[in-house]
Amino acid sequence: MSKIPVIVIVGPTAVGKTSLSIELAKKLDGEIISGDSMQVYRGLDIGTAKITPEEMDEIKHYLIDVTDPSEPFTAAKFQTETRKWIETIHQAGKLPIIVGGTGLYIQSVFYDYDFGNVSEDKAYRAELEQLNKTLLWQMLEQQDPESAAQIHENNKRRVIRALEVMHLTGKPFSEYQVHNVLNDTYKPLFLGLDLDRALLYERINQRVNLMFEEGLVTEAKKLYDQHLVDVPAVCGIGYKELFPYFEGKSSLEEAKELIQKNSRHFAKRQLTWFRNRMEIDWIQAGVSTTEAEALNKAETFLSVK
């Protein structure tokens, strides 16, 4: 049986992945699967820079708004769902296109990740629960920098799980999870968008400013009022930074600057992770030739049977 071709567009936040994916889908008769761990949640629209129906431009999208913020959507769940939708899109005679910045989720689709059979150490986990999230993430960064590059400091639950797995097995969480052999079912082309660091950071700052103009504070306040302050859905950047403001512990400007700072750091970690963990064909973003170069690489890839 021939392998299913899949175009995968990755890169840091605010680099232009969404607009490129729409253009490629139009020209290559594709449908798009979101590879973003946050855009699966309903109601998390502004803070996740979720694509709007207008921006979709009649291109069918999958794995957007599929669960409530109170329900965790794990990498294992993403793996299962994405593989299902790849098959569905392919059977319909369309080209599956995955776009997103959550490297662990995307990689899990194409490599045979093991999500799971390490048991728990409840006593050790209870000890870790007593530590603050910054210290926990620093512990992870020292012991397993690859996992730390992918897991955000705010995601305390996942940081603790990574430390727990290392405690129980003696090997890094990142090594435990992935077998570096591509799954035989798919033939992926990984296209990465890169941008001058200063320009990328300016884009990020501008995006955060726009989020505030579009109502990010109201969106975050709804989560806060629903007591959804510790669920994985709000561990992403853009929500928890506002909670101290709601509690009168920081100013709105301080919250905005913290979101911008955390977003810049996250973009840097994304780039590091993609460069170290996946074989990616990199394209310069933000120039007049970006779309043409991506289309040329995709058409060449698809022409090889």
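Glycine residues also receive a Cβ, built from the backbone N, Cα and C atoms like all the rest.
As the structure is a computational prediction, the values presented were derived from the model and not from experiment.
Taken from Swiss-Prot, the feature ATP binding site covers G11, P12, T13, A14, V15, G16, K17, T18. All protein chains shown were included, and the count of other CB atoms within 10 Å of the CB of T18 (ATP binding site) stands at 20. When secondary structure is read from DSSP and collapsed to three states, T18 (ATP binding site) falls in the helix class.
Summarising the annotation, Swiss-Prot assigns substrate binding site to T13, A14, V15, G16, K17, T18 and lists sequence analysis as the type of evidence. Long-range Cβ proximity for G16 (ATP binding site), meaning a same-chain Cβ under 8 A and a gap of 6 or more residues, is found for L193, L195, A285, G286, T290.
If you look up Swiss-Prot, you'll see 36-39 marked as region 'Interaction with substrate tRNA'. DSSP places the residues of the region 'Interaction with substrate tRNA' (36-39) in helix, strand and coil in these numbers: 0 helix, 0 strand, 4 coil.
Sequence annotations record features per position, and here Swiss-Prot assigns site 'Interaction with substrate tRNA' to T102. Less than 8 angstroms from the CB of T102 (site 'Interaction with substrate tRNA') sit G35, D36, S37, M38, each of them six or more residues away in the same chain.
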Neighbours of T13, A14, V15, G16, K17, T18 excl. site residues, C-beta within 8 Å of centre, substrate: G11, P12, S19, G101, L193, R203, A285
Mean per-residue pLDDT computed across the region 'Interaction with substrate tRNA' (36-39): 92
Intrachain neighbours beyond the region 'Interaction with substrate tRNA' (36-39), with Cβ under 8 angstroms and 6 or more residues off its ends: 47-48, 50-51, 63-65, 73, 75, 78, 100-102, 105, 233, 236
ATP site shell beyond G11, P12, T13, A14, V15, G16, K17, T18, criterion: Cβ within 8 Å of Cβ centroid: G101, L193, L195, A285
Binding-site residues (G11, P12), the one with most neighbouring Cβ atoms at 10 Å: P12
Those residues of the chain, 6+ apart, with a Cβ under 8 Å from that of A14 (ATP binding site): A49, L200, R203, I204, R207, S263, A267
